[in-house]
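Down below is the structure, laid out as structure tokens.
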Amino acid sequence: MLLLLLVPLFLRPLGAGGAQTPNVTSEGCQIIHPPWEGGIRYRGLTRDQVKAINFLPVDYEIEYVCRGEREVVGPKVRKCLANGSWTDMDTPSRCVRICSKSYLTLENGKVFLTGGDLPALDGARVDFRCDPDFHLVGSSRSICSQGQWSTPKPHCQVNRTPHSERRAVYIGALFPMSGGWPGGQACQPAVEMALEDVNSRRDILPDYELKLIHHDSKCDPGQATKYLYELLYNDPIKIILMPGCSSVSTLVAEAARMWNLIVLSYGSSSPALSNRQRFPTFFRTHPSATLHNPTRVKLFEKWGWKKIATIQQTTEVFTSTLDDLEERVKEAGIEITFRQSFFSDPAVPVKNLKRQDARIIVGLFYETEARKVFCEVYKERLFGKKYVWFLIGWYADNWFKTYDPSINCTVEEMTEAVEGHITTEIVMLNPANTRSISNMTSQEFVEKLTKRLKRHPEETGGFQEAPLAYDAIWALALALNKTSGGGGRSGVRLEDFNYNNQTITDQIYRAMNSSSFEGVSGHVVFDASGSRMAWTLIEQLQGGSYKKIGYYDSTKDDLSWSKTDKWIGGSPPADQTLVIKTFRFLSQKLFISVSVLSSLGIVLAVVCLSFNIYNSHVRYIQNSQPNLNNLTAVGCSLALAAVFPLGLDGYHIGRSQFPFVCQARLWLLGLGFSLGYGSMFTKIWWVHTVFTKKEEKKEWRKTLEPWKLYATVGLLVGMDILTLAIWQIVDPLHRTIETFAKEEPKEDIDVSILPQLEHCSSKKMNTWLGIFYGYKGLLLLLGIFLAYETKSVSTEKINDHRAVGMAIYNVAVLCLITAPVTMILSSQQDAAFAFASLAIVFSSYITLVVLFVPKMRRLITRGEWQSEAQDTMKTGSSTNNNEEEKSRLLEKENRELEKIIAEKEERVSELRHQLQSRQQIRSRRHPPTPPDPSGGLPRGPSEPPDRLSCDGSRVHLLYK
């Protein structure tokens with residue numbers, strides 16, 4: 001029987017069972033092929049996992065990577081859209097060889113590009129031409145082939161007038177030859193080398209000669225103050241100042257603006273020196289400590305990380321560095337989800353990182369604090385294939401193996417905790433074997449400088465920073481060359497500079513700010529704060545030792561990758577647990593099983609309906625109101641048919657088809673309930689109305705008018721149609737998604753499953769549920785009451801009302817039990833579907849069996865196939881089948897009673913005979929005649945006793 005009370009419940013749990021999942025998700029994009037000579041990096045997935053799936057979820061990003069010296073031309077990253085396609089599919093991505101783009105520009109000249117569909121591709125050709133008053137030194141043409149230019153890059157040299165007189169320009173320098181950082185030991189010889197190379201060039205400052213005046217600052221601000229005074233107040237005038245240490249540079253740069261002097265440092269790294277308001281004329285070829293941040297951001301983008309966390313030691317240098325990182329990641333669309341700091345004890349911050357599920361962590365602290373941090377990292381298990389740590393690269397190579405009494409972790413534990421972390425370190429020597437503006441490679445520079453040093457390079461202070469000092473002189477020379485006009489163009493006279501001439505200072509500042517050239521330390525360029533933009537070395541700890549995995553040039557946004565990075569999990573981890581949305585679908589075995597039962601039930605309903613129609617002329621069938629029974633069979637068929645759309649979900653149908661399925665469930669169940677239960681309710685209502693009234697009102701009510709029964713059923717069906725139509729028009733059912741808590745898969749992968757379940761719902765679902773629950777619930781309760789009240793009533797007009805009552809009991813019980821259970825289990829698709837569908841199946845089966853099977857059995861076993869006319873002709877009587885049955889029962893009972901009476905009479909006769917015999921014997925023993933009670937009057941002849949006149953003793957003897 002139908003269970004419309006369960007309609008809203010069936011309209012909800014129609015995504016279903018976890019066991020049936022045809023794809024990772026019902027929505028997503030199909031995996032695509034990489035370009036030739038390239039591959040695809042899948043974030044958070046291993047190679048085996050990629051092979052096992054065909055679709056990737058919406059918003060998932062893939063990145064193209066190329067082999068060898070090739071680079072991606074076209075979109076590097078594609079994102080899965082909601083419509084199932086990847087972004088920018090109309091633009092192909094290719095892996096091509098690209099030559100250096102530095103050949104596309106020529107100072108004091110022009111470059112003409114021909115061939116190749118894009119600059120610097122294989123087959124591209126460049127021709128070089130110099131401006132007037134300059135001549136070309138080198139080849140005038142170069143061709144790009146297999147990522148290399150065919151000839152070295154030429155340069156334009158000024159046409160110098162022979163025997164021209166050159167004027168001296170002085171530089172005031174402070175070299176720390178001793179103290180905390182004795183960098184002047186190697187930087188001073190490097191500066192002297194640069195001055196020799198610059199002064200020997202005919203195309204740079206052809207009318208001037210750079211000369212150096214220097215002092216030993218000892219990396220002491222007090223000592224530096226003394227020498228600064230001497231430089232400023234003693235002739236000759238210095239056009240620029242060159243301090244070394246950060247502490248000395250802070251003093252010099254803050255005071256230099258009062259004398260309109262440009263300050264160029266070669267060894268200062270403090271982020272505080274990037275403050276343009278405080279140090280308006282400061283430049284440095286030594287990168288700021290914040291230069292690590294562009295590299296970090298680039299790596300975040302390379303590996304597709306959008307969420308990072310940070311932990312820092314509370315010192316000024318790390319705070320300012322982290323503030324800069326926060327601004328940069330925000331511009332790149334990356335979020336710092338969690339920021340922690342500590343002064344001396346990192347235990348609590350590390351625990352907080354673990355609690356917040358931090359995966360990509362940037363650590364800023366000194367070496368001693370680094371050991372404390374990673375001891376806590378080991379305790380919290382905040383390492384392994386799910387985590388990546390970014391640290392500063394200037395720690396000692398074995399910093400994690402150094403004995404430290406402040407921690408309680410062993411060397412083995414520390415080694416395990418730090419494995420795989422990434423470090424960034426400033427590159428102070430160009431790793432590429434290319435020639436700089438001085439026509440020297442970095443290796444040639446090292447060899448030439450080593451010959452000038454008095455001690456071994458490892459024992460010489462500032463040897464690593466020496467390339468920066470060398471390039472500082474070249475940056476100054478090129479800026480002064482631009483300011484003076486380069487010998488052939490209009491410019492200022494450098495010899496006119498004095499400490500009150502701000503005009504020349506401003507021009508030198510602008511020229512210095514626009515510097516861009518290839519030095520022995522790499523590409524030299526300054527950012528808006530005057531800090532050097534240099535290459536960054538990227539290393540990874542692999543097997544307990546650091547391995548170079550790449551370089552990054554932030555000025556060109558060029559990442560040189562060696563592809564030697566290794567990951568514990570085989571690939572870079574995700575920045576968070578990868579959440580894959582999956583729909584819970586109904587178990588197909590359950591759906592098929594219930595569908596088979598429902599199909600058999602529909603067949604049974606058709607058989608019952610056919611039987612009822614075929615035998616509608618039989619009196620016994622006629623007296624059961626066959627038309628109402630036919631409606632019941634049709635209602636059961638509709639209810640059983642509703643099982644099929646109840647089991648349809650996203651596994652079988654698309655999103656656009658879901659509203660139609662929702663409406664099908666609603667209408668099939670609604671009409672099925674009205675027809676099936678309404679027909680039975682109408683029968684039991686009429687029986688109760690007619691046969692439970694007072695005796696004086698019965699006679700005129702016993703006339704059954706069928707049209708009233710049909711009108712009652714029509715009223716119930718009409719109410720349902722009206723209500724369902726209003727519901728569908730005003731607030732139609734649509735597809736909604738229920739989201740459950742994340743689930744961790746059994747496999748040890750960094751993925752969480754987000755289960756979702758499809759439901760049919762509407763905006764005012766609770767209102768409609770209240771209407772249906774109230775209306776149908778009252779019908780069920782009233783049906784139970786009427787069935788109970790009429791259980792002892794017997795009527796020939798509706799001879800199956802007791803069977804109808806039994807069917808109503810079953811339907812009501814199943815509804816009242818299944819409705820609340822299904823509401824509780826609405827989020828468990830298999831259980832909810834099983835309860836709801838089986839309730840429909842069982843109630844329909846019971847109704848059909850109770851109403852129709854007894855009729856079939858009676859007609860088959862008793863052969864009562866005659867119609868009413870045939871029965872009248874045969875018997876000559878209008879006695880109905882019910883009266884004939886009663887007559888036969890009474891006759892049988894009468895025969896049994898007659899048999900019993902005959903047996904009793906025979907027994908009575910036998911007892912009488914025995915009684916007479918005893919009386920005769922007694923009379924012989926007592927011959928005297930007793931006194932005559934009649935007073936001597938003669939007695940008439942004795943009469944035999946009446947067989948029916950017995951006293952109490954005889955009756956007792958008779959039945960003893």
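Placement of Cβ uses the backbone N, Cα and C atoms for every residue, glycine included.
Feature annotation from Swiss-Prot assigns 4-aminobutanoate binding site to Ser246, Ser269, His286, Tyr366, Glu465. Taken from Swiss-Prot, the feature domain 'Sushi 2' applies to 97-158. If you look up Swiss-Prot, you'll see Asn23, Asn83, Asn408, Asn439, Asn481, Asn501, Asn513 marked as N-linked glycosylation site, on the strength of sequence analysis. Taken from Swiss-Prot, the feature signal peptide covers 1-19, and the record attributes it to sequence analysis. Marked as transmembrane segment by Swiss-Prot: 591-611, 631-651, 667-687, 710-730, 768-788, 804-824, 833-853.
Applying DSSP to the domain 'Sushi 2' (97-158) sorts its residues as follows: 4 helix, 30 strand, 28 coil. The transmembrane segment (804-824) makes no contact with the transmembrane segment (710-730), as judged by fewer than three Cβ pairs under 8 Å among residues 6 or more apart in sequence.
Reported as a whole number, the C-alpha separation between Asn501 (N-linked glycosylation site) and Ser269 (4-aminobutanoate binding site) equals 29 Å.
In sequence order, Phe283, Phe526, Gly530 are the residues of the chain that are 6 or more apart from Asn513 (N-linked glycosylation site) and have a CB within less than 8 Å of its CB. Summarising the 4-aminobutanoate site geometry, the residues cited as binding it (Ser246, Ser269, His286, Tyr366, Glu465) extend over a maximum Cα to Cα distance of 21 Å. Nonlocal intrachain contacts for the transmembrane segment (591-611), taken as residues 6+ away from its ends with a CB within less than 8 angstroms of a stretch CB, comprise 629-630, 633-634, 636-637, 640-641, 643-644, 647, 833-834, 837-838, 840-841, 844-845, 848, 851-852, 855-856. Mean model confidence for the domain 'Sushi 2' (97-158) is a pLDDT of 80.
Comparing CA positions across the glycosylation sites Asn83, Asn408, Asn439, Asn481, the one lying closest to Glu465 (4-aminobutanoate binding site) turns out to be Asn439. Between Ser246 (4-aminobutanoate binding site) and Asn481 (N-linked glycosylation site), the C-alpha separation comes to 28 Å.
Nearest to Asn481 (N-linked glycosylation site) in space, judged by Cα atoms and limited to the binding-site residues Ser269, His286, Tyr366, is His286. Note: the CA-CA distance between Asn439 (N-linked glycosylation site) and Ser269 (4-aminobutanoate binding site) rounds to 28 Å. Distance noted between the C-alpha atoms of Tyr366 (4-aminobutanoate binding site) and Asn408 (N-linked glycosylation site) is 18 Å.
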